[in-house]
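Asker: One structure is given below, represented as structure tokens, and several questions about it will come after.
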Amino acid sequence: MSCRWGTELWDQFDNLERHTHWGIEFVEKYTKFVKERSEIEISYAKQIRNLSKKYQPKKNSREEDEYKYTSCRAFLMTLNELNDYAGQHEVMAEDLTTHIICELTRYIQELKAERKSHFHDGRRAQQHIENSWKQLESSKRRFERDCKEADRAQQYFDKIDADINVTKADVEKARQQAQMKHQVAEDSKNEYLTFLQKFNKEQNAHYHTLIPHIFQKLQEMEEKRIERVGESMKTYAEVDRKVLPIVGKCLDGMTNAAESIEPKMVSRHVVESYKSGFEPPGDVEVEDYSLSMRRTVSESSYLNSQGESKPSRSNSRGKLWPFIKRNKLMSLLASPRQPPPPPPSPGAVHNGPQSPQQPSEPLSHRLNEFMTSKHKMQCLRSLKRGGSGPEDCSHLPPEQRRKKLQAKINDINKEIQKEMDQRDALSKMKDVYIKNPHMGDPNSVDPRLEEICQNIDKLQLDARKYEVISMLLVFTVALHVVSPDGSYTEDHSTEHPLKSRSTDFDDDFDYEDPLPTIGTCKSLYPFEGQNEGTISMTEGELLYVIEEDKGDGWTRVRRNEDEEGYVPTSYIKVFFDTNAKGAMTYI
């Protein structure tokens, strides 16, 4: 079907002007839409990148250790793929800006200029035909007026000519006037016919040639505009389609990361990370308290027993934990973990309340708590050569400590190898300088060589230190096993082969003296210490206080050097010695 604006819409100049203006506004509207979409893509990509960066593991933080697990590594791979995914949205925004926004913005300016030119030509043609029409109307009105005046002049002449009283001169004058009016009317008629012919010709050219040509240009401009919008919409879809393969690869990478998770491997890493190396506790032996005999100890008897027990310290060294006395360690490990029982009412039975019954915690749990407790770590003896603290990993259980020490040794060996490579390179450089003095001064290399040698010596010393600590740790674990009652004893199966080594090992440590007394106490009620870390007492018994109540309701007391433990603070009356130097305990 043929549709030509020039012939079909010859009289719709104003409507076409409004329609083409709306078309340009539509292109501007679509351009604004694409621009906002581009801004959304940029903002979305920025937010995705920030999200990926936020959850990336920070350097030198605990999060780096977590990424040894497959699930954490999969999460890290997902974050990396998400970062690439954000990059594709940035590519989309860039393509939308380059291929659509910029192109349409430039095209809109061209479209406005072209439309303005066409309608300017149309208005000029319209103005010309209107001026021709005005000239025709003016000549027509003039012709009409002249004809009326000629007719009136003729009627006046006829009237004068018929009147016998009028002179001949008046008649001649009227005749001449009528003839003149007739001539003016004839000239007006000729002028009118000339303008009429001219207008018809211009009108025919206007509506059949000029206006159709202008409207055809507008039609072509509008069709081109619509086609350009369609191409932009197609480009809009192609921009999305272009990044889909790479986005698909990013999603495939996330899927592969999720499929790489291995629960069994994670479980194995958990074992390697947290295995303490301790043996589980054995069966608990029966302790018959019905046969135990207790007596009240006076201050002098305690001092005598203390003095008698001191010479035997050297004989019991084979039963000691390598870092701390056995009785002190076990009292720390077995210290009460729940509130003490309330004091008995006045009508209570003489033997009174029992010590609180609680399920025994596994010794490995208490040992872990003991090893990680900051204030109890101070009771560990310092290694003479290796020192104690975070550097030698003494805050960790044996198995984890051994792994950390081995990792330190491996890192130091790498550093040593790196320093040795630098030393060899500098030595070769020095040899080259010696053979070719013009290339450099051999002595200029000596300071750096000396510095590297010092670094190697220091690193080797550190490596030997950690190797010694690691070796002693292995000996310690081999020499000691957990007995059924939760205490540490020697493994006699390995006693003889390692006897000489353990003797040398024990000589490398200092032993602390017993905690000083800070006062005395008198028991108000009898107490049967049935739990680990507690001590039994009879009513009215005098004991020595070596550690005051720290807010948990328990006070640490001593009967003699081998008997000490915790008793409920509410069961005793304490008499502190204000002059005692040991008022502040190590716990």
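Here the Cβ of each residue, glycine as well, is placed from N, Cα and C on the backbone.
In case it helps, TrEMBL gives these features for our protein:
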type	residues	note
COMPBIAS	298-317	compositional bias 'Polar residues'
COMPBIAS	337-346	compositional bias 'Pro residues'
COMPBIAS	353-362	compositional bias 'Low complexity'
COMPBIAS	489-504	compositional bias 'Basic and acidic residues'
DOMAIN	1-266	domain 'F-BAR'
DOMAIN	395-472	domain 'REM-1'
DOMAIN	516-577	domain 'SH3'
REGION	298-320	region 'Disordered'
REGION	333-363	region 'Disordered'
REGION	379-403	region 'Disordered'
REGION	486-506	region 'Disordered'
Asker: Per DSSP, what is the residue tally for the domain 'REM-1' (395-472) in helix, strand and coil?
Answerer: 72 helix, 0 strand, 6 coil
Asker: Between 0 and 100, where does the mean pLDDT of the domain 'REM-1' (395-472) sit?
Answerer: 86
Asker: With DSSP, how much of the domain 'SH3' (516-577) is helix, how much strand and how much coil, in residues?
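Answerer: Final tally across the stretch: 3 helix, 33 strand, 26 coil.
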